[in-house]
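Taken straight from TrEMBL:
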{"type": "DOMAIN", "residues": "2-375", "note": "domain 'Amino acid transporter transmembrane'"}
{"type": "TRANSMEM", "residues": "20-43", "note": "transmembrane segment"}
{"type": "TRANSMEM", "residues": "76-95", "note": "transmembrane segment"}
{"type": "TRANSMEM", "residues": "115-132", "note": "transmembrane segment"}
{"type": "TRANSMEM", "residues": "144-166", "note": "transmembrane segment"}
{"type": "TRANSMEM", "residues": "178-198", "note": "transmembrane segment"}
{"type": "TRANSMEM", "residues": "210-233", "note": "transmembrane segment"}
{"type": "TRANSMEM", "residues": "253-281", "note": "transmembrane segment"}
{"type": "TRANSMEM", "residues": "293-312", "note": "transmembrane segment"}
{"type": "TRANSMEM", "residues": "318-339", "note": "transmembrane segment"}
{"type": "TRANSMEM", "residues": "359-379", "note": "transmembrane segment"}
Amino acid sequence: LQGIFVLGLPYAVLHSGYSGLLLIVLAAALCCYTGKILIACLYEENEDGQLIRVRGTYEDIANACSKKLSPNLGGVVVNVTQVVELIMTCILYLVVSGNLLSHSFPYVPMTEKTWFVIAFVTLLPCIFIRTLKIVSKLSQLCSLVHFVIIFVVITYCLTQMHQWSWAKFRLSLEFEDFLVSVGVIIFSYTSQIFLPTLEGNMKNPGEFRCMLNWTHFFACILKTTFALTAFLTWGGKTKEVITDNLPSFLETLVNLCLLTKALLSYPLPFFAATEIVYSCISKDNRSNYRFPLLALTVRGSFLLLTLLMAMFTPHFALLMGLSGSITGAAMTFLLPSLFHLKLKWKKLSFLEKCADISVFILGFLCSLAGIVCSIKGLLEVFG
C-alpha cells in the first residue's frame, strides 16, 4: 500500500508548504509508534512474567476490549472499518488506472469513465483468486516496478535542479487545503491492518520493533525526498497525480508502468477484504463458506462496487484524503491507542498514558476535520 499513494504527496506539499514535509516525518513516527502498541496488545504476561501471544488478529484485540459490552462488538467494528478501508484502496487503484490510461492515450476518443471500465475488465480474473500465494507474487512485481518509477521521476527532477527555488514553498496556508493534505499523508502510511499477521509470521517476532523502526525510517526518507524534489521542480503547477507533470516522452512510459503497478496492486486489498467477509460468513455457516457460487457472488459484488465508486468519484487526491481521514485515521491512530489504554492501563507509565491519549486526541481531530474538508472539496468539484 506504500507505493501508488506516494504519487499524491507532492500535491499534498503544494497545499501544506513546509508543514507538509514536517507532517510526513511526524506521520512516520506516529504510525511506527501505534504499530508497536498495537502489537503489544497481542501479548499478556504469564505467571512467570513472560510475554505470551494470546491474540492473533486486530479483531481479537477489539473483542478483548469490548467483551464486557458484547463479546463480538469490537470485532464487528474493526472488520467493518477494515473492509471499508480496503475497498476504498481498491477504488483508488481504479481511479489511478483510469487517470493514467486517459493521459497515456490522449488522442483516443474515450472518456475517463470508459477507461475505468477497461481497467475493470482486466481485473475480472481477481474473482477467481483463492490463495495468497498468487497475490504475493503479484506484490513482488509491484515492488520492483515501484522502485523503477520512483527512480525515473527523481532522476528527471534532479536534471531540473537549475530551476529549483525554495520560494515556491508557501508560509501562509489555506486551513481546509492543509487538512486535506493531512488525510493524504496519513493514507500513504497506513499498514496497521496487516501488522498482526506480519508479526505472527515472522521467523523471529522479537525483531518486529526493529523492523518497524527501519521500514518507517526509510519510508520517511523516500517520501520526503520524492515529495520535495517533485514540488521544487513543478511548484504551483504540481498536479494531483505527479506523473501528469512529466514531459510527454517520459509520461507515457511512466504512466504505463504505473498502470501495471496499480492493476497488480489491486488483488491484495481485494483479496484481504473478501477474506474478512468470508471469515464472518464461515462463523455462522461453514457450508456456505465453501459454496463456490457464494464466493464468486461476493467477489463479483465487491469488484462491481469498486467500479461504480470509481465512476462517480474520480478525483484521486480528494478521495485519498477522505479515505485517510475516515478509515486510515481510525485504524492507524484511534483504535491502537484506545486498545492499548484499555488492555494495558495498569501497567503503563504516566508518560505512556499521556502519549496514547495525545495520539488519540490528535487522530480524532485530524479525522473529523479531514472528513468535513474532503467532503466539502468533493461537493465543490461536482458543482
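Each Cβ is built from the backbone N, Cα and C atoms, and glycine gets one as well.
Among 115-132, 210-233, 359-379, 115-132 has the largest number of CB pairs under 8 A with the transmembrane segment (293-312). Stretch with the largest number of CB pairs closer than 8 A to the transmembrane segment (210-233), among 20-43, 115-132, 178-198, 253-281: 20-43. Between the transmembrane segment (76-95) and the transmembrane segment (115-132), the number of CB pairs under 8 angstroms, six or more residues apart, is three or more, so the stretches are in contact. Between the transmembrane segment (20-43) and the transmembrane segment (178-198), the number of CB pairs under 8 angstroms, six or more residues apart, is three or more, so the stretches are in contact.
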